[in-house]
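Taken straight from TrEMBL:
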TRANSMEM  5-25  transmembrane segment
TRANSMEM  31-51  transmembrane segment
TRANSMEM  82-99  transmembrane segment
TRANSMEM  120-145  transmembrane segment
TRANSMEM  199-221  transmembrane segment
TRANSMEM  233-259  transmembrane segment
TRANSMEM  271-288  transmembrane segment
TRANSMEM  320-339  transmembrane segment
Amino acid sequence: MSGALFQYPGAVVMTVVGAGAARFLTDNRKWLDGIVAGLSAVGVALVASAAKGLLMKLCNTKVTAIVGTLAAAAAIYWSEPWLYPLLIVLGFIVTNITERKKDCRLTGNDGGVESLGFDMLGGGVLIGAWLVVLAVVLALARTVYKHGDGPLNWFEVFYRIGSIIYGGGQVVLPMLLTDVVQKDENGKELENTWVTEKQFYAGLGAVQAMPGPLFNFSAYLGCIIAKRNGYTFILGAVLAWFGLFSPGVMLMFGVLPFWKRFRTWQIYRRGLPGMNAVGVGLILASVFKMTLDVWRISPFPNASLCIALFAFTAVDELKIFEPIVVICGALLGLLGWGAKLD
């Protein structure tokens, strides 16, 4: 019940927004470009605010700061899907080495909890089901449906990304951007791209004004992908939303039966700071990459950076309610268009 109340309202709203964006954000209206530029700038600023909070909390030692920085640099320079899990494993190894003499034994108790959902057999079956689905969709998308633009290809992208990310919703953004906004070898957006950059960044701003997790962005993207490929928007929203959410849900309930045991392992507890630092580094990388994108596609690049700066201060320091900041960003973008700012 709590999961439904947390996830579904925002997912429904973003589905409606996505259905509209698939049509209206392809219109060549200059005033609309101004609003989109404002929304895009605010969207990146809110991700930057989240990155700052995590950076101060999880990269507060010299080792974790170095691990996070190197992970961010690697993610900025390379964008291969295998890089993310590799960095997480490396972060786990590094802090196991640097903290090898530290006593990380768990003290206290677990509150008397004896059962966490499934038993170990049920948890193992659920983890196995996740792996089987992942293997099947990967194989089909790279053989039978290679170079396709159909529903299975959409589901494969979101399910694959949902299976390999670590560190929060912001980590998923550069991976989604790479897969759904298709470009040629010169970096130019293809005519048949699933989602345009303008649609992507406008949705990023909108989703952060909505209740619920950032993963609801998938419903928005799914609507646009389906509409641009001649399918009903509901199909795209459902496949993208379940594709991104289901791996995490399956793994969470699959791992819970084993959690009471392995949470006490010192090798896990020593490696956790390194894994967390990598997660923060990946979010930091997404901030840098998306800031450059927003600056590049804006009709008034310098003004967009100013809007992003204002939004960051409003949310991070002044603690203004995020939906208000998003609306103000859109209005400032409209003002930038009207004033013909640079």
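Placement of Cβ uses the backbone N, Cα and C atoms for every residue, glycine included.
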Counting Cβ pairs closer than 8 Å to the transmembrane segment (120-145), the top stretch among 5-25, 82-99, 199-221, 233-259 is 233-259
One stretch in 31-51, 199-221, 271-288, 320-339 has more Cβ pairs under 8 Å to the transmembrane segment (233-259) than the rest, namely 199-221
Of the listed stretches 5-25, 82-99, 199-221, 320-339, the one with the highest count of C-beta pairs below 8 angstroms to the transmembrane segment (31-51) is 320-339
In the same chain, residues at least 6 away from the ends of the transmembrane segment (5-25) whose Cβ sits under 8 Å of its Cβ atoms read 32, 36, 196, 198-199, 202-203, 206-207, 210-213, 215-217, 219-224, 226-228, 233-234, 236-237, 241, 245
